[in-house]
Amino acid sequence: MSEVKNRVCLVVIDGWGISNESKGNAILNAKTPVMDELCALNSHPIEAHGLHVGLPEGLMGNSEVGHLNIGAGRVVYQDIVRINLAVKNKTLVENKHLKEAAERAIKGNGRIHLCGLVSDGGVHSHIDHLFALITALKQLKVPQLYIHFFGDGRDTSPTSGVGFLQQLIDFVNKEQYGEIATIVGRYYAMDRDKRWERIRVCYDALIAGVGEKTTIDKAIDVIKGRYAKDETDEFLKPIILSDKGRTKDGDTLIFFDYRADRMREITECMGMERYKDLKSDIKHPKDMQVIGMTQYKAEFTFPALFPPESHKNVLAEWLSVKGLTQFHCAETEKYAHVTFFFNGGVEKQFENEERCLVPSPKVATYDLEPAMSSAGVADKMIEQLNRKAHAFIMCNFAPPDMVGHTGVYEAAVKAVEATDIAIGRIYEACKKNDYVLMVTADHGNAEKMIAPDGGKHTAHTCNLVPFTCSSLKFKFMDKLPDREMALCDVAPTVLKVLGLPLPSEMTGKPVVIEV
């Protein structure tokens with residue numbers, strides 16, 4: 001078992017951002033003597049949103065992503081960001097599974113199909129990803145490429161499909177590569193409620209060309225004719241543009257939607273045995289290979305271009321590897337965050353990791369009991385601090401976030417004050433039992449309770465969050481050389497204070513120096 005230089009108590013406040021705007025700021029306007037003292041004593045604001053935490057640029061942080069980054073000690077990129085970076089950096093051509101698909105096609109029948117939702121809605125897919133895949137497959141010298149266009153009209157205007165089709169036609173013509181083979185609405189291609197009769201319409205079209213036959217030069221007029229009859233993008237019945245572009249024995253199919261829920265049924269029918277449920281008269285092609293953009297379901301047998309990343313040696317695992325004991329505590333609303341998410345997105349409880357769940361109050365909305373169970377969480381933490389059994393203990397305080405979401409400003413002020421009182425009690429116990437108290441937050445919320453139009457603001461924010469350290473043996477750096485400080489730096493900083501080495505997998509940096 002490793003020896004530690006200092007024992008650490010980490011508090012993660014949910015929804016506590018930093019803002020100088022006083023209007024509607026439940027944090028600035030609340031009485032928070034403890035956090036005021038800790039921030040004045042030794043602290044540095046850190047980033048908790050957007051690319052800093054692996055989310056798309058400019059997107060506000062959330063509790064799941066926040067705790068994942070805090071516990072992992074690295075930026076954990078979401079699937080969409082990993083894909084966007086590959087597209088932006090033109091590295092799709094180096095993707096292992098895409099190269100394998102290309103090799104399979106070249107050695108086999110020479111054919112690959114790209115299937116997915118073609119729009120810029122950005123909820124399930126993005127047309128830019130399709131363009132990047134076409135370019136990459138051309139570079140990989142796949143002889144024949146067929147594209148199956150699923151119409152959107154839900155995350156985009158109901159009649160915007162002709163515009164996206166024109167963009168695709170122009171791109172294919174410019175590249176002189178690829179052939180658009182099928183057009184079908186997402187109503188048939190992307191069902192998620194086991195309405196197999198809908199999926200069958202898409203299935204029969206992809207394999208057997210069941211649908212209205214036309215040519216690519218007439219496709220836009222055909223769709224406009226459908227619009228005139230109130231058949232919009234989502235509900236487009238199959239339009240077949242190429243007999244050669246049907247899915248055949250030995251073909252490779254790549255589905256390019258990154259969101260899983262509406263890809264499961266169609267991919268399971270094309271790539272596994274589920275097609276039998278469709279009761280289709282069409283003969284299922286032999287030896288087809290299906291590939292997803294992401295993992296659509298853990299049980300599916302086919303690969304993904306961007307499989308889930310496993311996060312080895314997150315803080316909790318590393319402490320366990322070093323033979324140290326730890327304690328994680330939260331009330332019901334945030335229990336998953338201090339366990340599953342903090343531990344790198346795994347259910348597993350590591351060796352010598354103790355957990356404690358404090359029940360959240362049973363009220364209709366938390367503005368009715370703004371302190372929530374903050375006192376109960378503090379009680380459990382103080383018990384552990386007095387035991388001095390663990391090298392590392394951590395907890396989450398839910399009130400600023402959960403009450404912030406109600407939009408009730410006065411209640412949010414009370415939530416913030418209750419949280420400050422709870423942290424104060426923990427701080428006293430830390431001093432008594434020789435623990436270093438470190439406080440941070442997963443994202444902002446309660447500092448913005450009023451929207452620009454004067455209405456309630458109930459969402460998270462993109463504001464910085466505090467990161468404090470109660471020991472003056474450690475001083476925060478002014479800045480990092482190459483980037484802003486962010487949540488990924490919390491775990492490495494905790495390890496620095498504990499006096500432990502960092503695992504190689506942690507790419508975050510300790511942001512304190514010993515003085």
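For all residues, glycine too, the Cβ spot is worked out from N, Cα and C.
Quick caveat, the model's predicted, so the values are computed rather than measured.
Annotated features, as they stand in Swiss-Prot:
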- Ser63: active site (ACT_SITE)
- Asp14, Ser63, Asp442, His443: Mn(2+) 2 binding site (BINDING)
- His124, Arg154, Asp155, Arg186, Arg192, Arg259, Ala260, Asp261, Arg262, Lys334: substrate binding site (BINDING)
- Asp401, His405, His460: Mn(2+) 1 binding site (BINDING)
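For Ser63 (active site), the number of other Cβ atoms no farther than 10 Å from its own Cβ, over all displayed protein chains, is 23. Each of the binding-site residues Asp14, Asp155, Asp401, Asp442 was scored by the number of other CB atoms within 10 Å of its CB, and the largest score is that of Asp442. Within 8 Å of the centroid defined by the CB atoms of Asp14, Ser63, Asp442, His443, the record's Mn(2+) 2 site, lie the Cβ atoms of Val12, Ile13, Gly15, Ala48, Gly61, Asn62, Gly66, His67, His337, Asp401, Ala441, Asn445, His460, excluding the listed residues themselves. In the structure shown, across all protein chains, His443 is the one of the binding-site residues His124, Arg192, Arg262, His443 with the greatest number of other Cβ atoms within 10 Å. Per-site Cβ counts within 10 Å over the binding-site residues His405, His460 peak at His460.
The separation of Asp14 (Mn(2+) 2 binding site) from His460 (Mn(2+) 1 binding site), Cα to Cα, is 10 Å. Same-chain residues that are not part of Asp401, His405, His460 yet have a Cβ within 8 Å of the Cβ center of the Mn(2+) 1 site turn out to be Asp14, Gly15, Ser63, Pro400, Met402, Gly404, His443, Asn445, Ala446, Thr458, Ala459. Every protein chain shown contributes to the tally, and the Cβ of Ala260 (substrate binding site) ends up with 19 other Cβ atoms within 10 Å.
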